[in-house]
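Q: One structure is given below, represented as structure tokens, and several questions about it will come after.
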Amino acid sequence: MNAILEGKVTPTLTKMSVPISIGMLSTFLFQVIDTYFVGQLGGDALAALSFASVVYFIIVGTFMGLSIGVSTLVGKAIGEKNFLKMEQIVITSLLFTLFTSVGASIFIDVSQATLFTWLGAPLEMLPLIDQYMHTLMIGIPLLTIGLLMGSILRASGSVSQPEIVMAVAGVINLVLDYGLIFGKWGLPELGITGAAMATVVSWVFILIMMSLLFLNQSILKLNFSITTIPFIQHLRDILQIGVPTMLSNLVSPLTQLFLTLLLAYHSSMAVAAFGVAGRIEMLSLIGILGVSTAITPFIAQNLGAELKDRNDKAIVFGGKAAVYLGIIVVLILFIFNQNIAQLFSDDVTVMDYTSDYFIWVSVSYIFYGLFLVTTSILNGLQKPQQSLQIMVIKTLVFTVPLALIGSYFYEVIGIFMGIGLSNILGGIYASYMMRKEINNSSSSLKGVDILQDYKNDFIVRNTAKPL
């Protein structure tokens, strides 16, 4: 039985979301630990990592956006039972990712001095950034292909295995991080270069294991000649959905780039704190991110099979998961912000800025969760333009102006205030767009009283059944 098309919606999405969240937990947890280790090298090393991370996340965001588009097409093809088309899309996307990721990594490696100077990095910090980025760029093609394979496997219904791979890769990264940064267990002491080297080794593992899963799951049977693949047609289809999702995924790291520039104007230690806070934030939001990742292929397959009622139930599940998980995250980060900040740096300024970030931003995570889930739902419905519109409005209409205004009046704290308020407004706008999409379709959710539906969750009903 294909659980995505036939299983009960809530249990199926939960079973899909949990392993994805666990995989993300491992990945983000080890990124946080990586930040902790680099923080022991001093504030400059932590700031260098934060500057480098901005560019790294732009690259990853671009190719993750492409993989979302590919997984949507793969999921729809599976729902239509058109497996030949699915294989051809997979091959086309893998070749395209290989060539573009190699080109991107070479370009960034040779131009990084100019790039990071423009980003506001102090000249004395450029050698530290170069030590990290040069090694990292060597492995970028390995990561992007591995991530694409993982998305394709999830779209085909194999959810837990890719996440196990990501979790094990995180452990490898953690162990090698400690050994290569500080010279433990007979390994050379490489400092921040060791952090990058450990990451690249974990990417090699990801690519090898994803390739083995491809073989095990028979994703590519290759019962046809590759020369018969209409590459241009499939590439056009991939880019038609992939470009908006790539742009959507680029919006967030480009926003981070802008905020980093703005913070660098005030203090390099504020940049360091922003990098620390960003990684803790991602770790805290893994539950919501897991749901938003799982919901895209679920909706894509059911769209292909024309099972509209199942997608309506998935939309309800996604919204409620964002709200309830968001409440938990808000409480933890708002209450324990100082304790968390003290774990990552001995620098008082970095600790204070990290704590301030969560005081002003954590309260917005419920709305940010709705924003994330809504964009994922629209991608699954093959409406990436609407998803991109929500992203752009949040960034250009809310985040950028509010951060600039906050910076002018209250400096670093004002920027954090602007981020928090933009998350709230972005979530409200995303919810409005989701409601508009529902009202313009034949959805069974038309006219549903959302607030009453949430109230009903807290009323004990003996006849209640899972969706």
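Using the three backbone atoms N, Cα and C, a Cβ is placed for every residue, glycine included.
Annotations per TrEMBL:
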- 12-33: transmembrane segment (TRANSMEM)
- 45-68: transmembrane segment (TRANSMEM)
- 89-108: transmembrane segment (TRANSMEM)
- 132-152: transmembrane segment (TRANSMEM)
- 164-183: transmembrane segment (TRANSMEM)
- 195-215: transmembrane segment (TRANSMEM)
- 257-277: transmembrane segment (TRANSMEM)
- 283-303: transmembrane segment (TRANSMEM)
- 315-337: transmembrane segment (TRANSMEM)
- 357-378: transmembrane segment (TRANSMEM)
- 390-409: transmembrane segment (TRANSMEM)
- 415-434: transmembrane segment (TRANSMEM)
Q: Below 8 angstroms Cβ to Cβ, which residues of this chain, lying six or more residues outside the transmembrane segment (164-183), approach it?
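A: That would be 19, 22-27, 29-30, 33-34, 37-38, 40-41, 150, 189-195, 197-199, 201-203, 205-206, 209-210, 213.
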Q: Can you see whether the transmembrane segment (257-277) and the transmembrane segment (390-409) are touching - at least 3 CB pairs under 8 angstroms, only pairs 6 or more apart in sequence?
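A: Yes, the stretches contact each other.
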Q: Considering pairs 6 or more residues apart, do the transmembrane segment (283-303) and the transmembrane segment (390-409) have at least three CB pairs under 8 Å?
A: no
Q: Residues of the same chain, at least six outside the transmembrane segment (45-68), with any C-beta under 8 angstroms of its C-beta?
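A: Residues 35, 38-39, 93, 96-97, 101, 104-105, 108, 112, 115-116, 119, 121, 125, 128-129, 132-133, 136, 140, 143-144, 147-148, 150-152, 191-192, 195, 238, 242, 245-250, 252-254, 256-257, 260, 268-269, 271-272, 274-276, 278, 296, 344-345, 350, 379 contact the transmembrane segment (45-68) from elsewhere in the chain.
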Q: Do the transmembrane segment (415-434) and the transmembrane segment (357-378) share at least 3 Cβ pairs closer than 8 Å, excluding pairs fewer than 6 residues apart in sequence?
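A: Contact criterion met.
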Q: What same-chain residues lie close to the transmembrane segment (132-152): Cβ under 8 Å, and 6 or more beyond its ends?
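A: Cβ under 8 Å, 6 or more out: 48-49, 52, 55-56, 59-60, 63-64, 66-68, 70-71, 74, 90, 93-94, 97-98, 101-102, 104-106, 108-109, 112, 162, 165-166, 192-193, 195-197, 199-200, 203-204, 206-207, 210-211, 213-214, 219.
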